[in-house]
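For reference, the structure discussed in these notes is given below.
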C-alpha cells in the first residue's frame, strides 16, 4: 500500500481571493478613484445665519419670540359666521313675513322664537333708504322709531302677561316692515291716483300689522289681543307716514 501523496494545489474559482507571496506583491501598485459625488444638504448662508440668530436669541432668553402658535380652527371662520349672519335663515324669515297665511305651511314661529339682529336691521335700513326723498334725517327717525317702538310693544306685552323678549319684538317689528317695502314701488306708479294710492297704503299697513301681530300675539293674551294689535297697527301707520311724508 502506497502512502497518500500531497494534496492537490487549490485552484481558486472566479470571484475568490487569490493569495500571492509577499515577494510577488512588492511590484503591485495602483489607486482607487473616488467617485465625484456632491451632496446637497440644503445648507445655505441664510440658514447658517438663521441658526446663529436662533442660538443668540435662545442664549439671551428670547426664545419665546421663535415660538409658532398652532392655528385655532375657530380663527378661520368665514366672516358671515363670525358676525353670526345666516343668509338662509334671513331669507326664510322674509318669506314667513311676506306670506303670513298658515295654509302655506311655513313655520312662522321661527321669526319669533329664533330672533336675529342683522336681518331686521337690513330691512329697516332698506326702508330708510327708499324713504329718503332728499331728507337724510328720515333714516335716523326710522331707526329710532324701530328701537323705541319695539320697546313700547315689548313693555305692553309684558304688562299683559306675554312671555316675549325684547330681541324677539325687535326682530318681528323689523322684519314686518317688508310689506311696506313691497308697496313702495307701487305707490310710485299709482301716486297720481289718490283713491288707489290710499287703498294700497291701507293694504300695506294691514299686511305689516297682521304679520307682526300674528307672530307676537300668542294664546296667552286671549281676550287681550286688541290691546296689543292696536298699537302695532299705529306703529306701522307712523312708519308709512315717514315714507310718504304725510
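Glycine is no exception: its Cβ is also placed from the backbone N, Cα and C atoms.
Remember, it's a predicted structure, so these values are computed and weren't measured experimentally.
Database features, via Swiss-Prot:
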TOPO_DOM  1-115  topological domain 'Cytoplasmic'
TRANSMEM  116-136  transmembrane segment
TOPO_DOM  137-140  topological domain 'Lumenal'
TRANSMEM  141-161  transmembrane segment
TOPO_DOM  162-168  topological domain 'Cytoplasmic'
TRANSMEM  169-189  transmembrane segment
TOPO_DOM  190-197  topological domain 'Lumenal'
TRANSMEM  198-218  transmembrane segment
TOPO_DOM  219-225  topological domain 'Cytoplasmic'
TRANSMEM  226-246  transmembrane segment
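The helix, strand and coil residue counts that DSSP assigns across the topological domain 'Cytoplasmic' (162-168) are 3 helix, 0 strand, 4 coil. When Cβ-Cβ distances below 8 Å are used as the criterion, the topological domain 'Lumenal' (190-197) is approached by no residue of the same chain that is at least six residues removed from its ends.
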